[in-house]
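Quick look at what TrEMBL lists:
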REGION    1-42  region 'Disordered'
COMPBIAS  15-33  compositional bias 'Pro residues'
TRANSMEM  49-67  transmembrane segment
REGION    97-117  region 'Disordered'
Amino acid sequence: MSDFGRGPTSGLTGPPKPPPHAAIQDGPPPGGYPPIDVRRNLPKVGPSGSTLLIGVGLITIYGFWGLSRSAQRRRRLNQEKYQIRLAITPYLQAEEDRHTVKQNRRRLRQEKELMKDVPEYQPGESVYKTRKYTPYVKPLIPGVGPQGLP
């Protein structure tokens, strides 16, 4: 044992001595332990999977049925609204036309009054070189129009 620099007197004095007292080891009881129950023993709680699947399917069917009913109702209401608008459109257009005629007459009167001192000016004549009629466009800001007109 002198290979690693240890001599016969480097701390090893002999074989190990036994412990002072004999160790007492626990063992199984006579006849052995009873078998351990390792089976799953969970109580049945709630409905089965197939019952849940059927329930979810029925709820989904009911939801789609309600959705289709509301879509049909909405479609009928939209159709009724369209029919009403179609029926009153001529009256609304006639009212708008009367309003446009009144505005054009008022603007022509104001134009004559404003341009009375200009010798070659023709009131009502378009300032643009076009033959196409362009109706008056309402301003985006309420109460503001050309020359302060509403």
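Numbers here mean position along the shown chain, with the first residue as 1.
The backbone N, Cα and C atoms fix where each Cβ goes, and this holds for glycine too.
TrEMBL labels come from automatic prediction, so no person has curated them.
Remote same-chain residues near the transmembrane segment (49-67) are listed as none (criterion: CB distance under 8 Å, separation of at least six residues from the stretch ends).
Secondary structure of the region 'Disordered' (97-117) per DSSP, as helix, strand and coil residue counts: 18 helix, 0 strand, 3 coil.
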